[in-house]
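From Swiss-Prot, for reference:
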SIGNAL    1-19  signal peptide
DISULFID  CYS27-CYS54  disulfide bond
DISULFID  CYS34-CYS48  disulfide bond
DISULFID  CYS38-CYS55  disulfide bond
REGION    58-77  region 'Disordered'
COMPBIAS  66-77  compositional bias 'Low complexity'
REGION    100-123  region 'Disordered'
COMPBIAS  109-123  compositional bias 'Polar residues'
Amino acid sequence: MKLLLLALPILVLLPQVIPAYGGEKKCWNRSGHCRKQCKDGEAVKETCKNHRACCVPSNEDHRRVPTTSPTPLSDSTPGIIDNILTIRFTTDYFEISSKKDMVEESEAGQGTQTSPPNVHHTS
């Protein structure tokens, strides 16, 4: 039982002491490590997950960038499909007027004024 209690803290602390067990991720073309703080002689090249820095040894040339194959361009001459897919955008304009303007127009358009009908209530 004492051996188990002694082995348990060792297994818990082992990943913190040994980087290989700590799971430090590789970054920057597998030449750097993600850490909270870089060691002496290391430079920060990018940001890793969980707010960690990608620490790369500064004595090596790490300007290598992953190579990608160039994307071949198709025929650049416009075809019939390009003409069909051309969309012209139009904007509709609306005229906004106030109630006062509308009342003035309606009064000018009506030749005669009619009074509202009288309503009689009987009980």
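Any Cβ shown, glycine's included, is placed from N, Cα and C.
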At the level of the C-alpha atoms, what whole-angstrom distance separates CYS48 (disulfide bond) and CYS27 (disulfide bond)?
8
Among the disulfide-bonded residues CYS38, CYS54, which residue has its Cβ surrounded by the fewest other Cβ atoms within 10 Å?
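Each of the disulfide-bonded residues CYS38, CYS54 was scored by Cβ atoms within 10 Å; lowest is CYS38.
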So how many other Cβ atoms are close to CYS34 (disulfide bond), meaning within 10 Å of its Cβ?
19
On the three-state reduction of DSSP, what should I expect for CYS34 (disulfide bond)?
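The residue in question, CYS34 (disulfide bond), is strand (DSSP, three-state).
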Measure the Cβ-based neighbour count of CYS48 (disulfide bond), defined as the other Cβ atoms within 10 Å of its Cβ.
20
Which of the three DSSP states, helix, strand or coil, fits CYS54 (disulfide bond)?
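In three-state terms, CYS54 (disulfide bond) counts as strand.
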Do any residues at least six apart in sequence from CYS55 (disulfide bond), in the same chain, have a Cβ closer than 8 Å to its Cβ, and if so which, in order?
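Looking at Cβ-Cβ distances below 8 Å from CYS55 (disulfide bond), excluding near sequence neighbours, one finds GLY32, HIS33, CYS34, ARG35, CYS38, LYS39, GLU42, ALA43, VAL44, LYS45.
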